[in-house]
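Asks: Pasting a structure here, questions to come.
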Amino acid sequence: MSGEVEDVENRGVKDRARPSYSSSSYVIEDSETQWTSWLVPMVVVANVGVFLVVMFVNNCPKHNSRIEGKCEARFLGRFSFQPLKENPLFGPSSSTLEKMGALDWDKVEHKHQGWRLFTCIWLHAGVIHLVANMLSLVFIGIRIEQQFGFVRVGIIYLLSGFGGSILSSLFIRKNISVGASGALFGLLGAMLSELITNWTIYTNKVAALLTLLVIIAINLGIGILPHVDNFAHIGGFLTGFLIGFVLMPRPRFGWLEQPNLPARVNVKSKYKAYQYMLWLLSLVLLIVGFTAALVMLFHGENGNDHCHWCHYLSCVPSSRWHCEEN
């Protein structure tokens with residue numbers, strides 16, 4: 001009797017009637033749900049709305065000291081931008097961003113304003129900063145939400161942004177930090193771990209891996225320029241990378257269709273052994289990493305004291321610029 005039992009994993013490609021999903025270069029089972037993306041567009045709308053509120057509060061014509069020049073785009077009234085010498089990204093003043101919830105280590109540590117670890121990911125330094133991040137979110141986030149749903153993409157986005165804020169606070173002490181870049185890098189990290197944990201279902205796996213690694217390397221490379229918080233990028237990426245192993249493994253072929261399979265077809269466990277191992281390891285690293293980082297942060301530990309070369313991860317000095325914190 002056992003000789004008639006068929007292992008669905010070894011039935012061969014000719015028996016796998018799964019359609020290819022061309023935009024992502026891998027195969028999806030017929031019964032796998034394709035979600036409608038609504039959370040990512042709502043996050044984009046929320047970020048734009050927050051930026052408008054920040055600009056309303058900023059009110060450049062009223063608060064500008066004119067030391068750096070006149071407000072830009074003055075026809076916008078109180079929504080006009082700070083002088084380009086002060087903010088070249090067409091946005092508010094740093095004091096306004098700080099008042100609205102920008103990440104500031106001193107306030108997080110000494111004034112117990114831990115909420116800034118979350119609020120900073122909804123703020124942007126200017127129109128250029130906002131547009132660049134929101135375009136990235138649309139291109140990356142919608143794809144992930146369509147395949148894995150709003151709950152998982154929401155968890156990855158928020159926790160990655162939180163992780164990026166924690167790492168930034170541990171290493172950057174004299175600057176404020178704003179932006180959704182940590183959360184966006186978390187989505188990139190989750191895409192990479194999703195590719196790894198679901199390796200066997202990809203058709204062009206090597207090409208997909210190389211493409212993703214090049215994109216990640218270029219974006220992290222940009223982070224070594226001055227005035228870019230690469231610690232937020234790295235923290236968000238590592239958080240998203242680990243969460244991807246926990247939230248984004250796909251069931252082995254045949255599991256979702258098991259009720260409709262003939263009795264002779266033997267479907268093993270829902271996931272493969274290596275997926276379970278990566279899930280457990282990543283979960284442990286997430287818990288330990290967040291716990292250790294938060295303990296260090298609220299005990300006033302300076303990450304630079306424990307890693308004397310880590311500052312090069314965020315800015316590499318050259319003849320064209322300096323990396324001193326302003």
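Positions of Cβ are set from backbone N, Cα and C atoms, glycine also.
Unlike curated records, TrEMBL annotations are generated automatically.
Straight out of TrEMBL:
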TRANSMEM  38-57  transmembrane segment
DOMAIN    112-249  domain 'Peptidase S54 rhomboid'
TRANSMEM  121-142  transmembrane segment
TRANSMEM  154-172  transmembrane segment
TRANSMEM  178-199  transmembrane segment
TRANSMEM  206-225  transmembrane segment
TRANSMEM  231-248  transmembrane segment
TRANSMEM  276-298  transmembrane segment
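Walk me through where these features lie, including what they touch and how far apart they are.
Replies: Packing against the transmembrane segment (154-172) from elsewhere in the chain are residues 39, 43, 103, 105, 108-109, 116-118, 120-121, 141, 144, 180-183, 185-187, 189-190, 229, 231-240, 243-244, 247, 289-290, 293-294, 296-297, 301-304, 310-311, 314, 325: each is 6 or more residues past its ends and has a CB under 8 Å from a CB in it.
Non-local neighbours of the transmembrane segment (178-199) in the same chain are 26, 47, 97, 102-103, 120-125, 129, 133, 136-137, 140-141, 144, 153, 156-161, 163-165, 168, 205, 208-209, 212-213, 215-216, 219-220, 229, 232-245, 247-250, 274-275, 278-279, 282; each lies 6+ residues outside the stretch with a CB under 8 Å from one of its CB atoms.
Remote same-chain residues near the transmembrane segment (206-225) are listed as 25-26, 185, 188-189, 191-192, 195, 233-234, 237, 312-316, 321 (criterion: CB distance under 8 Å, separation of at least six residues from the stretch ends).
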Asks: List the helix, strand and coil residue totals of the domain 'Peptidase S54 rhomboid' (112-249) as derived from DSSP.
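Replies: Here the numbers are 108 helix, 2 strand, 28 coil.
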Asks: Give residue numbers and ranges for long-range contacts of the transmembrane segment (38-57): same chain, 6 or more residues beyond its ends, CB-CB under 8 A.
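Replies: Cβ under 8 Å, 6 or more out: 78-79, 81, 91-92, 96-97, 99-100, 122-124, 127, 130, 133-134, 137-138, 141-142, 145, 150, 153-154, 157, 180.
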